[in-house]
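According to TrEMBL, the features are:
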type	residues	note
DOMAIN	20-147	domain 'CMP/dCMP-type deaminase'
BINDING	61, 62, 63, 64, 65, 66, 67	substrate binding site
BINDING	72, 106, 109	Zn(2+) binding site
ACT_SITE	74	active site, proton donor
């Protein structure tokens, strides 16, 4: 069934003019979804992030009995990339089992993506491969990022350590 879904998604993407690189990224996010460990929510999510050199990292959500210790697919994929030395990304595709709407990242994942810039692409998908494209900045407008830490402040507190 999962392979049939991937074939249908790939066919949909080809018929709708999605470029090969992004088609592959979306298909990898759909495949990553299959590895989700989600016994509590039963809500599978997969993600695939591509660096500027074309290297792709995948991730899935991993839940925990202590609910707040779970890890989202988007943060999992980006953390894998960062652990391999990558800090700049071209795009991320996110997949779930939602059939009637595009998957959308949680607020924490939006902020996590924003850490690595606000001008890279995010593909929100459905199981059939259809997608909606936007940037991180569009997902998280008026965001706070690393550059904000260097801006002039009214009061500076000395670090005593």
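Here the Cβ of each residue, glycine as well, is placed from N, Cα and C on the backbone.
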Check: In the domain 'CMP/dCMP-type deaminase' (20-147), how many residues does DSSP call helix, how many strand, and how many coil?
Finding: 42 helix, 33 strand, 53 coil
Note to self: Could you check which of the binding-site residues 64, 66, 106, 109 is the closest Cα neighbour of the residue listed as 'active site, proton donor'?
What the structure shows: 109
Next item on the list: Quick one: of the binding-site residues 61, 62, 65, 66, 67, which has its CA closest to the CA of residue 109 (Zn(2+) binding site)?
Entry: 61
Notebook entry, point to check: Cα distance, residue 106 (Zn(2+) binding site) to residue 62 (substrate binding site), nearest Å?
Noted result: 15
Next item on the list: Sort the binding-site residues 61, 63, 65, 66 by C-alpha distance from residue 72 (Zn(2+) binding site) and give me just the closest.
Entry: 61
Check: From the centroid of the CB atoms of 72, 106, 109, the recorded Zn(2+) site, which same-chain residues not already listed sit within 8 A by their CB, in sequence order?
Finding: 73, 74, 75, 105, 107, 108, 110, 112
